[in-house]
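Database features, via TrEMBL:
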DOMAIN    5-345  domain 'Aminotransferase class V'
BINDING   41  L-glutamate binding site
BINDING   76, 77, 102, 150, 169, 192, 234, 235  pyridoxal 5'-phosphate binding site
MOD_RES   193  N6-(pyridoxal phosphate)lysine
Ligand code: PMP
């Protein structure tokens with residue numbers, strides 16, 4: 001029996017994707033060669049890359065709208081630096097929403113390249129809410145936000161409205177809910193939550209915003225270089241890109257983001273319902289800002305901890321310990337997490 005995998009990332013992927021991926025590692029496309037031992041420039045792999053990029057734009061409803069999809073490396077963490085390199089002119093200023101650890105890390109890197117204004121922050125309450133009613137200065141090259149705060153379990157429901165460029169780190173909720181993705185000029189996400197294995201980073205960028213900073217950009221950090229080379233400026237992460245393609249095919253076959261969003265809401269609702277009604281548990285994030293991907297909660301009676309922990313472990317649940325900066329528990333219920341696994345956790349909470 002597989003475990004009920006609530007890990008925050010790397011995390012659960014669909015079983016059928018894992019099966020197809022493992023087959024391709026042995027014999028890809030009946031070539032009698034492994035996916036990971038053929039040239040990335042072979043027709044078979046180029047087709048994978050093209051299909052993966054195509055599926056991204058199709059699922060986000062950004063096809064033929066002037067966007068490019070890129071599969072890069074270096075994780076979302078390298079995007080913290082690539083974004084200002086590509087969008088912040090020398091002497092320019094950018095605005096950041098500080099909604100958690102990952103936002104702060106993005107701010108730290110951007111400060112290497114220019115003047116960074118923190119427009120609003122929820123650090124005062126250990127990031128348990130999303131700031132609202134903040135003013136956005138008019139002299140910014142772009143505004144950066146983090147759609148879902150993986151560690152704290154908060155999620156932006158209303159994105160900043162701005163006349164300047166809007167950039168979003170969607171590492172932990174991309175492809176999980178329907179949004180007007182065209183409100184963003186640049187989206188990035190490490191693959192290892194809703195898309196595939198760690199090792200590739202998705203970037204979706206509006207072509208027309210690039211090449212305007214006057215900066216000399218190192219080739220590997222230049223989005224225009226990667227666009228011109230179809231994400232093959234250097235050897236791409238072939239296996240993570242292939243598995244991402246399989247996951248995106250899986251999502252499309254389910255009915256796309258709209259369909260998965262309904263399932264994600266159902267999963268989050270049964271878990272939050274239990275947290276809100278069971279006096280032994282308390283949610284960490286403010287209700288109106290809580291995440292449908294990472295559900296953070298604590299026990300109100302520590303004397304129950306031993307029993308709770310031993311029961312969920314015995315039931316085959318894995319990965320629900322909270323991040324060290326929050327404590328308590330975090331149940332990550334990404335796209336591939338079945339409703340039945342969430343029900344197993346809820347039943348254990350009920351019986352405690
Ligand atoms: N942003 C968010 C929202 C994340 O959750 C993470 C990783 N969990 C990162 C950025 C960093 O991603 P990576 O490890 O791919 O650099």
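Cβ atoms here come from the backbone N, Cα and C positions, even for glycine.
A TrEMBL annotation is a machine prediction, not a hand-curated record.
Shown here: features listed in TrEMBL, placed on the structure.
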residue	record	contacts (Cβ under 8 Å, 6+ apart)
41	L-glutamate binding site	232
76	pyridoxal 5'-phosphate binding site	102, 169, 171, 188, 189, 190, 201
77	pyridoxal 5'-phosphate binding site	105, 109, 190
150	pyridoxal 5'-phosphate binding site	8, 9, 100, 102, 171, 172, 193, 293, 294, 332
192	pyridoxal 5'-phosphate binding site	9, 10, 11, 198, 199
234	pyridoxal 5'-phosphate binding site	220
235	pyridoxal 5'-phosphate binding site	40
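The average pLDDT the prediction assigns to the domain 'Aminotransferase class V' (5-345) is 98.
The 6 Å Cβ screen around ligand 1 retains 102, 150 from the recorded positions 102, 150, 193, 234, ordered by sequence position. The maximal spread of the pyridoxal 5'-phosphate binding site, taken as the longest Cα to Cα distance among 76, 77, 102, 150, 169, 192, 234, 235, is 30 Å. Cβ crowding, taken as the number of other Cβ atoms within 10 Å, peaks at 169 among the binding-site residues 102, 169.
DSSP assigns residue 102 (pyridoxal 5'-phosphate binding site) to a helical segment in the three-state reduction. Secondary structure at residue 169 (pyridoxal 5'-phosphate binding site), taken from DSSP and collapsed to helix, strand or coil, is strand. Within 10 Å of the C-beta atom of residue 193 (N6-(pyridoxal phosphate)lysine) sit 31 other C-beta atoms, taking all shown protein chains into account.
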